Amino acid sequence: MSAHKSPITCHVLVASIGTPGRGVNVKIEKFENNAFSVVSTSQTNEDGRCPTLLPAGYKADKGIYRVTFETKEYFDKIGQECFYPYVQIVFELAHPEQHYHIPLLLSPYSYTTYRGS
């Protein structure tokens, strides 16, 4: 297990079947100069988590970030239709010294998110 822990993490829980969202591709971008640019890509682990969403050594500064979850790709893998081909969550990182955790509760036709701990 890696000792590196990203200051921004995420967790996918598939609420409709009560399991972690394993193998969901995730991308994080930062908004600068009026556009989003990719910072890193990752994939959720067996527990549905992305503990290394940002690369080791990346300094998460104040700013606007966007996390994209490739949900259609995930639901295709488990043989279910879905309404949302991807979920994008845009948030403001106002306190870089804090940990930002982005849980995604997912089902084929809905999703919920909040700032976790």
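Positions of Cβ are set from backbone N, Cα and C atoms, glycine also.
According to TrEMBL, the protein carries these features:
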- His11, Arg49, Tyr114: substrate binding site (BINDING)
- 3-116: domain 'Transthyretin/hydroxyisourate hydrolase' (DOMAIN)
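The C-beta environment of His11 (substrate binding site), restricted to residues of the same chain at least 6 apart in sequence and closer than 8 Å, consists of Pro20, Thr44, Asp47, Gly48, Arg49, Cys50, His101, Ile102, Pro103, Leu104, Gly116. Our reading of the substrate binding annotation (His11, Arg49, Tyr114) yields a largest Cα to Cα distance of 15 angstrom. As a summary of secondary structure, the domain 'Transthyretin/hydroxyisourate hydrolase' (3-116) carries 7 helix, 55 strand, 52 coil according to DSSP. Sequence-distant neighbours of Tyr114 (substrate binding site) (same chain, 6+ residues apart, CB-CB distance under 8 A): Pro103. Packing around Arg49 (substrate binding site) is summarised by its Cβ count: 19 other Cβ atoms lie within 10 angstroms of its Cβ, all protein chains included. On the 0 to 100 pLDDT scale, the domain 'Transthyretin/hydroxyisourate hydrolase' (3-116) averages 95 in the predicted structure.
Taking the mean position of the Cβ atoms of His11, Arg49, Tyr114 as the substrate site, the remaining residues of that chain whose Cβ falls within 8 Å of it are Thr9, Cys10, Val12, Leu13, Gly48, His101, Ile102, Pro103, Leu104, Gly116.
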